[in-house]
Amino acid sequence: MAEASPQPGRYFCHCCSVEIVPRLPDYICPRCESGFIEELPEETRSAENGSAPSTASADQSRQQPFENVDQPLFTLPQGYGHFAFGIFDDSFEIPTFPPGAQADDSRDPESRREREQHSRHRYGARQPRARLTARRATGRHEGVPTLEGIIQQLVNGIITPATIPNLGLGPWGVLHSNPMDYAWGANGLDAIITQLLNQFENTGPPPADKEKIQALPTVPVTEEHVGSGLECPVCKDDYGLGEHVRQLPCNHLFHDGCIVPWLEQHDSCPVCRKSLTGQNTATDPPGLAGVSFSSSSSSSSSSPGNENPASSS
């Protein structure tokens, strides 16, 4: 009688990231038909008992693909679920259980530890690309918000970390303050930059005195101005012959409707930055006006060595 062909061992496909039974005799993955597979050692418990893992245990391992997870990113109160980083290579997903079924992690700690040991022994140091996974907490009471609802509320700024006692204890990405203080979405960073730039709108020289603004002379535009292509520095419109414009002490000309609103907010010429008093606001801020930095002359004049000797009679 011919001997039966040996049963293929347990293999792990690195392309599919799942445990498979290879297709013989080529030893390829039956799902992706790739040869990038690796034979897995027998389980310790199976070696001690002298039997292969049962079908029910294998089915249970396939139904619990999220045993091997790292420390949670951050935790929420009991019943809210928690985030964790898994070592799988697919996109973010939330595992669910069939109707009427429950995860037995809380009721059977021994079984959960066996699955964790089985997962560590099965994958070892082989850790494909990390992905963000989530596990639902069991035993959620009626009326407790779901994990999706909590995330949506955090994003919308409806609730703050003060209402969630255990929020913000993870190693990365911790919310330490109001969620509205963070940059959310694709336009969040642009909104923060715009807010920072708007803080500089009211900086600069103080408004000019109304008496000085009203005292600015009005001069007509001459042919020399028109021939040189002179234009208003504010609106960039060319001056017309005989048009009346306002002249600043720095001799720059402006339309009355262009320069008056500017001077009501900033006491400086838009071209040369000189104030109506002739001070250069770009190099000498108004707050430092009248402060003298010439200390060398005063120190030299007060030095005893520089005193003229008294003439002897």
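Glycine is treated like the rest: Cβ placed from N, Cα and C.
According to Swiss-Prot, the protein carries these features:
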BINDING   C13, C16, C29, C32  Zn(2+) binding site
COMPBIAS  47-64  compositional bias 'Polar residues'
COMPBIAS  118-128  compositional bias 'Basic residues'
COMPBIAS  292-313  compositional bias 'Low complexity'
MOD_RES   S5  phosphoserine
REGION    5-101  region 'Required for interaction with BAG6'
REGION    42-64  region 'Disordered'
REGION    96-128  region 'Disordered'
REGION    203-306  region 'Sufficient for interaction with AICDA'
REGION    280-313  region 'Disordered'
ZN_FING   13-32  zinc finger
ZN_FING   232-273  zinc finger
Let's see if you can do this one: DSSP helix, strand and coil counts over the zinc finger (232-273), in that order.
8 helix, 7 strand, 27 coil
I'd like to know which of these binding-site residues, C13, C16, C29, is least surrounded, judged by other CB atoms within 10 A.
C16
Env. residues of Zn(2+) site, Cβ within 8 Å of mean position of C13, C16, C29, C32 Cβ:
H14, C15, V18, I20, P30, R31, E33, S34, F36, I37
Restricting to the region 'Required for interaction with BAG6' (5-101), what is the model's mean pLDDT?
61
For C32 (Zn(2+) binding site), which residues in the same chain are close in space, meaning a Cβ under 8 Å from its Cβ, but six or more apart along the sequence?
C13, C15, C16
